[in-house]
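A quick write-up on the structure given underneath.
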Amino acid sequence: MDYQELKNIYDTPLYVYNFDDIKSRYEALKSEFKARKSLICYAVKANSNLSLLKMLADLGSGFDCVSIGEVKRAILAGAKSYKIIFSGVGKKDSEIKEAINLDILMINVESSAELLRVESVAKELNKKARISIRVNPNIDAKTHPYISTGLKENKFGVDIEKAKSMYLKAKNSSFLDPVGIHFHIGSQLLDITPVHEAAKVVAKLLNELKAVDIDIKFFDVGGGIGIRYNKEEPVNLYQYAQGILESLKGQDLTIVCEPGRYIVGECGELLTSVIYEKINDKKRFVIVDAAMNDLLRPSLYGAYHEILSLKNTQTSNCDVVGPVCESGDFLAKDINLPDLESGDLLVVKNAGAYGFTMSSNYNTRARAAEVAIEAGKHRLIRKRESFEDLIKNELVEDFGAKY
Ligand SMILES: *Cc1c(COP(=O)(O)O)cnc(C)c1O
């Protein structure tokens with residue numbers, strides 16, 4: 001793709017996604033489970049652009065959502081309601097109600113308090129809510145603490161014993177239908193053995209439930225497949241799938257997998273333009289027009305994103321920083337780039353997941369535009385925000401007619 005042309009047409013900061021690559025990754029994962037019934041439920045929070053969701057829905061993908069907003073996005077994009085899962089540690093009654101009315105595949109319950117809320121809302125609606133329970137298998141996912149979710153000390157899910165009693169309660173309720181079992185131990189997992197260990201632990205619970213006539217139909221292994229940001233060894237999808245399939249020997253279930261980052265992470269780039277360079281003491285800063293409000297991962301997790309220049313001249317050490325008024329506002333630290341001038345383009349790699357979706361309007365900065373590349377052609381899939389967009393919900397007394 002001609003980055004310069006994209007910049008000329010759409011301006012920067014600009015998110016660019018390769019839809020063909022996203023499609024291939026979806027298909028590759030799906031085919032690894034071909035020996036069994038399977039459902040890939042793409043995790044909407046990784047990148048929730050409607051055009052992207054529509055493409056995945058057209059391929060037959062399901063969706064894992066963590067708010068009713070995401071559920072509605074998925075449906076708007078053409079998702080089948082029976083392929084939508086609603087997860088998350090805190091769901092409001094109004095969200096539970098909408099989810100039940102939309103007849104989604106299942107609500108993924110994360111506590112006994114939540115189970116009671118779902119039951120009571122279902123009762124009010126005189127409906128039976130399909131649920132799964134998120135089990136916390138207490139397994140160390142060996143990833144960044146902010147994105148590790150499968151340990152006792154994390155807020156997610158319930159322990160095995162608690163899960164068992166919740167299943168029994170659900171079974172005996174006229175308003176709950178326990179159809180699934182779920183775990184999700186963390187994100188950006190490069191070593192997949194913890195997922196296999198978790199699958200074994202949870203499959204054991206499955207057998208115990210079967211013994212008391214609770215027939216689970218969906219075995220949901222969550223997401224978390226790691227991607228290559230730097231020089232990491234990519235996850236072997238065949239081994240990933242085989243380990244899960246092995247833990248389910250002899251059981252007739254649909255395997256559900258909820259990848260987010262794996263599907264979109266490596267298929268997106270953030271284009272940004274240099275504003276100017278600045279040298280303080282001996283430190284060289286490249287100040288660019290994208291900032292932490294556009295791509296939060298470096299600031300939030302100290303995450304690494306490769307940054308490429310289109311120039312081939314000699315490089316030197318620098319930090320790439322945005323214009324936001326925070327010292328934590330950087331896209332990269334101590335990387336090597338050529339001497340850059342105003343307007344030079346930089347490409348921030350592997351920014352397709354948790355990029356735009358974590359962006360904000362901090363410093364009254366408009367959020368970036370998004371472009372899709374498909375079959376060699378580019379098209380705008382989200383307009384750049386305008387100043388009017390940023391202030392449209394604000395109410396000011398006696399401000400006159402201007403706004
Ligand atoms: C965030 C999340 C995912 C997706 O995680 P990735 O690391 O992006 O694959 C899947 N399932 C649940 C429940 C999640 O919270």
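Every residue, even glycine, has its Cβ placed from backbone N, Cα and C.
Whatever TrEMBL says is automated annotation, not expert-curated.
Of the listed candidates (Y167, Y229, Y238, Y354), TrEMBL assigns Y354 to the same substrate site as R261, R297, Y301, E326.
Record check: TrEMBL places E258, P259, G260, R261, Y354 at the pyridoxal 5'-phosphate site, and the matching candidate among G224, G302, G322 is G224.
Put simply, the two farthest-apart Cα atoms among G224, E258, P259, G260, R261, Y354, the recorded binders of pyridoxal 5'-phosphate, are 15 Å from each other. Of all the binding-site residues listed (Y301, Y354), Y301 has the fewest other CB atoms within 10 A of its CB. Closest to G260 (pyridoxal 5'-phosphate binding site) in space, going by CA atoms and restricting to the recorded positions K45, R297, Y301, C325, E326, is K45. A Cβ distance below 6 Å to any atom of ligand 1 is met, among the binding-site residues P259, R297, Y301, Y354, by P259.
DSSP assigns C325 (active site, proton donor) to coil in the three-state reduction, placing it in neither a helix nor a strand.
Between G224 (pyridoxal 5'-phosphate binding site) and K45 (N6-(pyridoxal phosphate)lysine), the C-alpha separation comes to 13 Å. Y301 (substrate binding site) carries a helical DSSP state (H, G or I).
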